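Asker: Structure provided below as structure tokens; questions to follow.
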Amino acid sequence: MPRPHYVAAIDQGTTSSRCIVFDEAGNIISVAQREHRQIFPRPGWVEHDADEIWQAVRGLLGEAVSGAGIENAQIAALGITNQRETTVLWDRETGRPVCNAIVWQDTRTDALTRALAEHEGLFKERAGLPLATYFSGPKIRWLLDEIPGLRERAERGEVLFGTMDSWLLWNLTGRHITDVTNASRTMLMDIHTLGWDDELLAAMGVPGAMLPEIRPSAEVYGRTSGGVPVASALGDQQAALFGQTCFAPGETKSTYGSGSFLLMNTGHEPVVSKHGLLTTVGYQIGSGPATYALEGAIAVTGSLVQWLRDNLGLISSAAEIETLAKTVDDNGGCYFVPAFSGLFAPHWRSDARGVIAGLTGFVNKGHLARAVLEATAWQTREVVDAMNADSGLDLTTLRADGGMTADNLLMQTLADVLAVPVIRPMVAETTALGAAYAAGLATGYWPDVESLRANWHKAAEWRPAIGEAVREREYRNWKKAVARTLGWVEQDEGSRP
Amino acid sequence: MGETIQSVERAAAILRLLASGPRQLGVAELAKALGLPKGTLHGILRTLVRVGFVEQDLATGKYRLGATLLHLGSSYLDVNELRTRSINWADALAGRSRESAWIGTLHEGHVLVIHHVFRPDDSMQTLQVGTYLPTHASALGKVLLAHDPYGEAPAAPLRAYTKATLTDPKALETELDQVRARGWAAEREELTEGEVAIAAPIKDARGIVVGAIGIRGAVERLAPDGALHMEYVSYVRDAARAITRALAR
């Protein structure tokens, strides 16, 4: 009897790296995980040691394979998905990073992005992105400006740039490549031609010699030392879109992790948002055309729960937020807008900072826990409203995934504030699943996207349970709280925490 | 109230003193504070060290509160934490068995459903998280009763939900012995006619059963010829073991 084959995916995330092995039906067979350090050299700065991450990742496949009780030869394909925008620079000769990686949350490029304001129209039009500290381009520019001699070496092609996908592909296959979804987050790629753009490079001040070759999201890039074909790379949110099988225009997913990200498939044409959403590449399978997506990025959702745990000590694990929130029936009039590093979609206001509004002597920690969960729901509502306005379609159900979907109260609150049913798919780990799907398609493990659709099943559903009057009153209060966050940081202190 | 036991009172006084500040205390200091002879204190301290409530610093010989005591109040596993740590394996169980998956814990004599994964056939189903199942008439309940550290039997009379429900406490006790012996429980049309369920225990890092995971489905699928298909039992036990491993990390 032939031994069964599986597909594995490496999910290189912000706080940990994982390898998950899936079977043909998309079920999880085994999981291996290793955390890496978060390096905070100064307020607002967040770094990773790329070497440490590679050392963690290199052992994961073997660990997941043996955990499943199988052998390397039974892995038909390996996919990669990664934290996006995080910027690694390394020496072509030695293969070693020249400095710590700058993580997507890092806000050190605040002044730099403001100085690029004259090019704002160009970036929006050609790269599909607003000027923000979030993306890779400003991070590369900052490093080239700050580290002596680096720009000259980058111009000679001795120092290479890559996002985490590139860094892992370089180490796994020896090639300097990136996938089109990750490239679409640099502010350096023309979203229409899917190539590096000379004008964008000139505006950002980044030499083309240091950039990786842009490849489709799914094709066989090479093989691991153990002989497993490495066959996909997608940014984490695009991978989740693919894992949720959002293959048709209008199909939308929302992933709840440290931050939250709604992506809507918009088909083969990039749609430029008028309501604060990003235009991004969703995926490109082999030589097929690229599929685009509109993206609503929310910076702080799950990380607000961690803040409640780590900075206030009100709970001892993230899951306990639900227990604490259930000690009360409502928010007690309190609203929490977690604009810790400004507000992302749909506001894009770097001058905003967090507020807790509506405090009275009545409010207790249970109400605060409710407000924390509701903050995720209302931020989602704002992005859904923007998406409905941009697409001209009304969202009819929300397909939610990610770690926070284990929180039943959050899922119910989402249904209540969105006034549509919220559905959790059978595999909450859609990020890794999406990378596995893309890799399995590239190697023929799955014949076509229809066979992937057949794997999608509803695991749970929450239906709206509050009245329209309550919903409108609460939304009004939320908006008042948001208004109070704006304009907190003044220009001359913009770089301060 | 009846009379109190002096040595328990003295032990409590020692613990209160050790908890009153960050300082470690020596026998002499404790003796002075409590007005007791050192010899009396030695015996109580030795006992407290043995049960892990107090630790002795090997370098200084002084005493401080022990890790076991510190964990007493916080060792309870939050049900939302249990759901979070189980979710991937419950999904995989539903995916492989093609049946709905359930996780339950004991709550005031009932099974509280803390997680529910729909049967993956995209039919209309309603989320049952937060509802209760009877302990004696469900597979989840039998697992939880069989491993209940307090060993409390469900209150008689045992209600009959169907003709097959176990209503005789002796028969239930025999069944629970079997559950303990083989490590899983079955329920054959004992709650709802036409439905069969299987469950296995989830243990925490100390080996204590903190919940049960199982599947529920039509008798035609899970036990088509009267006997349970063991394939389903192994799916359930695999999931329970995977979660137990995850909780040990």
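For all residues, glycine too, the Cβ spot is worked out from N, Cα and C.
Automatic, uncurated: that is what TrEMBL annotation is.
TrEMBL lists A:T14, A:R18, A:G302, A:G403 with the feature ADP binding site. According to TrEMBL, the ATP binding site annotation covers A:T14, A:T15, A:S16, A:G302, A:Q306, A:G403. Annotation source TrEMBL lists sn-glycerol 3-phosphate binding site at A:T14, A:R84, A:E85, A:Y134, A:D236. The feature glycerol binding site is assigned by TrEMBL to A:R84, A:E85, A:Y134, A:D236, A:Q237. Per TrEMBL, the feature domain 'Carbohydrate kinase FGGY N-terminal' maps to A:6-243. As annotated by TrEMBL, domain 'Carbohydrate kinase FGGY C-terminal' applies to A:254-442.
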Asker: Whole-number Å only: compute the distance from the Cα of A:R18 (ADP binding site) to the Cα of A:Y134 (sn-glycerol 3-phosphate binding site).
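Answerer: Between the alpha carbons of A:R18 (ADP binding site) and A:Y134 (sn-glycerol 3-phosphate binding site) there are 23 Å.
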Asker: I need the neighbours of the sn-glycerol 3-phosphate site defined by A:T14, A:R84, A:E85, A:Y134, A:D236. Which other residues of that chain put their C-beta within 8 angstroms of the C-beta centroid, in sequence order?
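Answerer: Output for this site, in sequence order: A:N82, A:Q83, A:T86, A:W104, A:R185, A:G235, A:Q237.
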Asker: If you measure A:G302 (ADP binding site) to A:T15 (ATP binding site) at Cα, how many Å is it?
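Answerer: The separation of the Cα atoms works out to 13 Å.
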Asker: Over all pairs within A:R84, A:E85, A:Y134, A:D236, A:Q237, the annotated glycerol binders, what is the largest Cα to Cα distance, rounded to whole Å?
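Answerer: Among the residues the record ties to glycerol, max Cα distance equals 15 Å.
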Asker: Please give me the binding-site residues out of A:R84, A:E85, A:Y134, A:D236, A:Q237, A:G403 that lie within 10 Å of A:T15 (ATP binding site), comparing Cα atoms only.
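Answerer: Near A:T15 (ATP binding site) by Cα: none of them.
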Asker: Work through the binding-site residues one by one (A:R84, A:E85, A:D236, A:Q237, A:G403) and name whichever has its CA nearest to the CA of A:Q306 (ATP binding site).
Answerer: A:G403
Asker: Quick check for the class: what is the C-alpha distance, in angstrom and rounded, between A:S16 (ATP binding site) and A:D236 (sn-glycerol 3-phosphate binding site)?
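Answerer: Each residue's Cα considered, A:S16 (ATP binding site) and A:D236 (sn-glycerol 3-phosphate binding site) end up 13 Å apart.
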Asker: Could you give the Cα-Cα distance between A:Q237 (glycerol binding site) and A:E85 (sn-glycerol 3-phosphate binding site), in whole Å?
Answerer: 12
Asker: Look at the binding-site residues A:S16, A:Q306 and tell me which residue has the greatest number of other C-beta atoms within 10 angstroms of its C-beta.
Answerer: A:Q306
Asker: Counting other CB atoms within 10 A of each CB, which of the binding-site residues A:R18, A:R84 comes out lowest?
Answerer: A:R18
Asker: Whole-number Å only: compute the distance from the Cα of A:T14 (ADP binding site) to the Cα of A:D236 (sn-glycerol 3-phosphate binding site).
Answerer: 10
Asker: Can you check what DSSP calls A:S16 (ATP binding site), collapsed to helix, strand or coil?
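Answerer: The residue in question, A:S16 (ATP binding site), is strand (DSSP, three-state).
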Asker: Name them in sequence order: residues not among A:R84, A:E85, A:Y134, A:D236, A:Q237 whose Cβ is within 8 Å of the mean position of the Cβ atoms defining the glycerol site.
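Answerer: Same chain, not in A:R84, A:E85, A:Y134, A:D236, A:Q237, Cβ within 8 Å: A:Q83, A:T86, A:W104, A:R185, A:G235, A:F261, A:A297.
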Asker: Write down the Cα-Cα distance for A:G403 (ADP binding site) and A:E85 (sn-glycerol 3-phosphate binding site), rounded and given in Å.
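Answerer: Roughly 21 Å, rounded to the nearest whole number.
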Asker: Given a separation of at least six residues and a C-beta threshold under 8 Å, show me what packs close to A:G403 (ADP binding site) in the same chain.
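Answerer: Correct list: A:Y256, A:G257, A:G302, A:A428.
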Asker: Could you check the binding-site residues A:T15, A:Q237 and say which one's CB has the most other CB atoms within 10 Å?
Answerer: A:Q237
Asker: Cβ-Cβ under 8 Å from A:D236 (sn-glycerol 3-phosphate binding site), same chain, 6 or more residues apart: which ones?
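Answerer: Spatial neighbours, sequence-distant, of A:D236 (sn-glycerol 3-phosphate binding site): A:D11, A:G13, A:T81, A:N82, A:Q83, A:R84, A:T255, A:T431.
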